[in-house]
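K.L.:
Structure in structure tokens, see below.
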Amino acid sequence: MRASASLRRNSYRGSALPVTQQPSVASLRSLPSEKPEGSSLKNLETLVTENGVLEFPETDMEDDALQAAVQTMKRHKTITFEDIALSEGVKQSVYLDYLKWEIDTESAFLELPLTIVVLISFAMLAMNILHQEQLYTMETAIERDIIENANFAWSGHFGHKGILQVHSIADFWSWMRLGFLGLVVKPGWLYSEPAPDILGGPDMTSRPDMPTAWLFNGYERPAPVANEYLHYAKVISGIRMRQSVSGAGDFCVLPSLLDPALLSQWLAKPCFPSDLGLLSPEVHEAENFLGLQREEFLFPDLFTIQELTQQVLDMEDGCAYSNATGNACRCEWCSAGAQSLRPWIDEETSRVEISMVVYNAQYGSYTYVSVNFMFNRGGHIHSFIHCLSAFVNPFLRPGPELALTLVAATLWIGALLYALAAELTEIRGAIRNSNAGLRKALWEDYVGFYNMVDWSSIIVGSLAIGYYFQSRIAASAVNELLPSMIDASLKPDANYQSTVKEFFRAAEDMSKAKKDTELQLMFYPLIIMMRLFRSFEAQPRLALVSATLKTAAPDLGHFFMIFLCVYLCFVVSSLLFFGQDLESFSTMDRALHTSFLAMFGDWDWNAMTDVGMLRAAVWFWVFMVMMVLFMLNMLLAIIMDAYQMEKYKTSDATTLWQQILDMIERRRQYIRGERVRLTDVWKTFRRQYAGKEKAMLSSDQLLSVEYLVNTVTRMPEQQALRTMVHSLKRDDILTHGFMTEEQVNKHVEKTLGSMELKIKAILEDVEFINDKLDFFDRLLAPGDAEYDFYFGADGQSHDQASRLWIYNSITAISEELQQNFVRGIQRIGTWQDEFECEQTELADGLREFEQLLAQSLEALQELPLGSVGRVPMWRHVRWVGIGHQKGKNRCFTSSNKKLLVLVVS
């Protein structure tokens, strides 16, 4: 504060204006900018730039206060990125990194329409080739027909059991003979069941001469035709029955404390271990065509329904009845074995597959129908129906649909080739621009997440094409065998069975190839989804989802460590708690899946109560509270917190439509010559560095606006400055990152505290300036000492006025000291008079005391001897006052002075 005051004093004292012309502060503010003659006070020169910024020229200022004020203003000046770009420049590495990012971002954004076209074309191609709705219709019809209509346990015209009620070997043969065989091999046209007598309705079966076949218009033969199935399909190859067996051996689990020979004698048969059928069958078990034996065929083309029924009976009893009656055995495996009397299904059987190939000419498709029975070693039989379909030729479609399919195929394959060419070009550029080896160049300059996504899309798409061609080759093999199969069906011969076996093998290969193709096609849209996210990142508002996941990734990683541990604990507890009673919790993978479904509201409470309602309720409540109320809500809170942060970042971001309009406008500006493309700027630097991008991006050379304008052809100055400013902004964001809300609050709090201190200092300065201005405004005329000190007196210089002011001040101080000295001497004299009076009064007191003692002695001498006893005595003190008259050095005794007396009673 004192230093600032002295600076201000010097600034005023530097003025050489005449005293009579000294203005007040108010008048100084209204002075013209011209400098008066003979004045050493310099005006403050300013400069306004083209951007409207007030600048101060770097000139020598004789006025110290003015120079200090200018320096303070410069220190508190806000430095913008534009100021840095104009004054210092931008590092080449920073500028080119921004250019590369901008080019890559724009390229990724432009790939968004292409990626969407790829997705749409692939979806249309897949839908038109696969036609899943048609395959679903056929397969569902077959499965429902077998489940609902293949009945046994007949009572009159109604079968009480179906495939789901096959629980024993006897049930299987009943279902096979009475249900499935009659369902597939129809002897004639079926009519409705008879009406009960109580209804009195007509009975179709009671009507005589009901036709068993109908020759409709356009039919070659009466319906139902041979091998017809569900009216619109035909069984091509008959019915094949196979099974897998588990060999007998010493696999029995026996107590170790007992004699094995005794237990073996007690069991009286070997054990047949098998893992099939432990739980409900799954699809992969039905699609396993390996290890099946005991193959038998039922040929409706060769035999009647009665002969087929007799074959099934021979398989059931191992031709025991046929041998006893002398009839031929129709079971090839039963008669070919060493043991003549052996049923086709025994205790070694672990799986039975009944398969047939159905051709539907309405849709032009093959369907491999597989009916499976799993015999587990607990004694239960699981049934499972599985169908695999494929089209004869997916391109045998109507003209418009076929044209749309070809267009979609062309777009999709073209996009794959374009992506492959782009990746190979990028690899070639990375190798050329690197001085290291091939592996190091690819690892450092090429390998990235989205490059792997692009290669995944290329590889998965290529594999999908390969698998599709494989499936078509397999379907073509079936198509090639179909004519011979039709000929064998119309004209059976000795090679009929071998043709059927070959056809079944081809159908199996076709089914597996079709399944592999669908699985491969399933992965491709997921890869496209990742490519879409890459394009979304080029637009801030579209990148909100991926940015949210990136922001929340650290918290999610730590959270999922806790989540998985807690979840695994519940899974293990559910496995131990419900596994013995519920199939859905019986294995680790099923418990994982079932617990996951329970978190999202899918559970079977009635089944869970099998372990006890109270016990199940305790586990269920704890699981719901921990996993749903706590864990899932915490997960949602983490994601929403990151989403709010990213939403705040993109609150001012450009929308998708605005970005498209900006790109269109930039294109128009380029056509008009008002800007250059960023790729042209990039190519200019590449030419300077002979294509060495790595060296180009590592250079720290400072670039200026003039350098860019002179180096890049046709580059406007505004565009050069704008790109430099944008590069500095991006570098600042990459260096410091984005402040979170908590960080912003702390920064604001710190800034407010600093502002409070600065405002307090400013207020103190303002108060000081206000006091000085008021002080100087009160100096109205020369002759005043203070006025003369600051502005000089009439006819005197500043030094003379200062010396006169100092002389007058010293004189005034000397006079004041003299007066103080005189007053001090007078006060000391007064103190000395008072001291003398005190001494006189003390002497008078001593004399009075001596007189009092003398009187006391005389009184004691006058008393007779022996009469002196206890004499009560007291003293009476008379007040003695000492006073003096003000201004006179003399003493006096007060009139109310009293003597001490001794009273004796």
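Positions of Cβ are set from backbone N, Cα and C atoms, glycine also.
What TrEMBL shows for this protein is this:
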COMPBIAS  7-27  compositional bias 'Polar residues'
DOMAIN    526-644  domain 'Polycystin cation channel PKD1/PKD2'
REGION    1-40  region 'Disordered'
TRANSMEM  108-130  transmembrane segment
TRANSMEM  402-425  transmembrane segment
TRANSMEM  556-578  transmembrane segment
TRANSMEM  618-639  transmembrane segment
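What does the local environment look like for each feature on the list?
P.N.:
Tertiary proximity for the transmembrane segment (108-130) is limited to same-chain residues at least six positions away from its ends with a CB under 8 Å from its CB atoms, namely 394, 397, 401, 404-405, 407-409, 411-412, 415, 418, 468, 518, 521, 524-525, 528, 531-532, 534-539, 659.
Beyond its flanks by at least six residues, the transmembrane segment (556-578) meets 549, 584-588, 591-592, 594-595, 608, 610-611, 615-616, 619, 623, 626-627, 631, 634-635, 638-639 of its own chain at Cβ-Cβ distances under 8 Å.
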K.L.:
Mind checking which residues reach the transmembrane segment (402-425)? Cβ under 8 Å, same chain, six or more beyond either end.
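P.N.:
Same-chain contacts beyond the flanks: 114, 117-118, 120-122, 124-125, 128-129, 395, 451, 454-455, 457-458, 461-462, 465.
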K.L.:
Using DSSP, tally how many residues of the domain 'Polycystin cation channel PKD1/PKD2' (526-644) sit in helix, strand and coil.
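P.N.:
Across the domain 'Polycystin cation channel PKD1/PKD2' (526-644), DSSP assigns the residues as follows: 100 helix, 0 strand, 19 coil.
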